[in-house]
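Here the structure is laid out as structure tokens; the discussion comes afterwards.
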Amino acid sequence: MTRSQLASAVGDGSFYVASALFFAHVVGLSAAQLGAALTVSWTIGFLLTTPIGQLGDRVGLRGSAVVLSLLTGLALLLFVLAPSTVVLVVAMSLYAVAQSAASAIRQALLVRLVSPAERVVVRARLQSIVNGGIAFGAGLGGLALYVGATWAYVGVIAIDAVAFGCSALLLLRLPSVAPARANATTRGAVLRDRPYVVAAGLNAVLYLYMPMLSVALPLYIAHSTGAPGWMVAVLFVANTLGVLALQVPAARRVSDLAGAVASVRRAGLLLLAACLAFWAAAAPSSAVLAGLVLLLGIALQVVGEVFLAAGSWEIGFGLADPDRPGQWQGLYGCGVPVARALGPLALAALVLGWSGPGWLVLGAVFVVVSLALSPVVAWGQRRLAADADDHPVSVTGGRVR
């Protein structure tokens, strides 16, 4: 799984850096067209992630992961070959669906292949490796930006497609995971697990830190601070390297649901502090001072991100039905496509439309939602305890109050 994740991460890194200019300069999409297409595609990804996770439980998780990796590669090739706007939108939707569902299926594989005590640390190691792969891939994407030619952009997309093909082949080396029992694949069963649904929804709100970094902060730097444009790249590298270094140590601090809730609470406060630092970066007229304040903000954000990830993973694993990981992780994994679909428009309006105070509002949202998870997790633990006689579940210790 490690090598498969690394291969796909290299492809993702190159795509993240070069895709916007590829769609603008090579495909010819306007900013409005690209934004609308991304919103539609990631919304479709959100809607289909849970059903695909349930299907993975039924037909086999490893095979599902292989197919989704191949579909991602196919979508990338369609970006290059797309003869029309309709085909391009279909390709973008296929990409979003495959990426969203693949993330959930990989989480489900982790549930089936790794013992409960080791899942969060193993997930953290995988995330660190992913960040390293993304950083390397970003370098390839940066070369395409430097060259600025059509062939360079197309080459990056092709490399991404090949990377996902390699990822699919490497997944075949994983042990086979038996499908869930026939009576354990009830359609929509996860939606009746109300504590888990609420926890997944709150987790999706906390994932707004993703479009905060990729959309809101770059636009804010360009329009509202004295920092140079290349500061965006510096912050991206700092974030990637920071998560690479700190994710595993943060995960080792979380061994049960009580520790997970505490970790998420710390994350909420740190993300608030980061938002306040980003707000403050607009004050200095000096580019150097603005850059230093932004670096302080990204340092706070990185620590908040790793605490959030560690706590979020434990909550997603600890409250889930272990016999149907595809369905439960499919729902929990919807947070990423929801944040990617709704976050860019909402955060751009909040941060740019309301200027500085928008950062305070965003930070307050992180704190309130992180605090709200505590009673929800306690609710989920009570649900697990009530179901224990009919459906034995190993509940990680440390009761949340």
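Cβ coordinates come from backbone N, Cα and C, glycine included.
Note: TrEMBL annotation is automatic and uncurated.
What TrEMBL lists as domain 'Major facilitator superfamily (MFS) profile' is 1-382.
Here the transmembrane segment (20-47) has long-range neighbours at 79, 82, 88-89, 92-93, 95-97, 99-101, 145, 150, 153-154, 156-157, 334, 337-338, 340-342, 344-345, meaning same-chain residues at least 6 beyond its ends whose C-beta is under 8 angstroms from one of its own. Here TrEMBL flags 20-47 (among others) as transmembrane segment.
Long-range Cβ contacts of the transmembrane segment (86-105) within its own chain (Cβ-Cβ under 8 Å, at least 6 residues beyond either end) map to 27, 29, 37-38, 40-42, 44-46, 48-50, 52-53, 56, 61, 64-65, 68-69, 71-72, 74-76, 78-79, 326, 329-330, 332-334, 336-337. For 86-105 (among others), the entry in TrEMBL reads transmembrane segment.
Residues annotated as transmembrane segment in TrEMBL: 126-147 (among others).
If you look up TrEMBL, you'll see 153-174 (among others) marked as transmembrane segment.
Annotated transmembrane segment per TrEMBL: 195-221 (among others), in sequence order. Sequence-remote contacts of a segment are chain residues at least 6 beyond its ends whose Cβ falls under 8 Å from one of its Cβ atoms, and for the transmembrane segment (195-221) they are 16, 227, 229, 231-232, 235-236, 239, 264, 267-268, 271, 278, 281-282, 294, 301, 304-305, 308, 312, 315-316, 319-320, 328, 331-332, 334-336, 338-340, 343-344, 346-348, 350-352, 362, 365-366, 369-370, 372-373, 376-377, 379-380, 382-383.
Counting only same-chain residues 6+ beyond the ends of the transmembrane segment (227-246), those with a CB under 8 A from a CB of the stretch are 127-128, 131-132, 134-135, 138, 142, 213, 217-218, 221, 281, 287, 290-291, 294-295, 298-299, 301-303, 305-306. What TrEMBL records for 227-246 (among others) is transmembrane segment.
Under the heading transmembrane segment, TrEMBL lists 267-283 (among others).
Annotation source TrEMBL lists transmembrane segment at 289-310 (among others).
Residues 35, 38-39, 42-43, 45-46, 49-50, 53, 96, 100-101, 103-104, 107, 190-191, 196-197, 199-200, 203-204, 206-208, 210-212, 214-217, 219-220, 223-224, 316, 320, 358-359, 361-362 of the same chain lie 6+ residues outside the transmembrane segment (331-352) yet bring a C-beta within less than 8 angstroms of a C-beta in it. Sequence annotations record features per position, and here TrEMBL assigns transmembrane segment to 331-352 (among others).
Per TrEMBL, the feature transmembrane segment maps to 358-379 (among others).
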- Query: Cβ under 8 Å to the transmembrane segment (267-283), counting only same-chain residues 6 or more beyond its ends: which ones?
  - Reply: 206, 209, 217, 220-221, 224-225, 227, 290, 293-294, 296-298, 300-301, 303-305, 307-308, 311, 355-357, 359-360, 362-364, 366-371
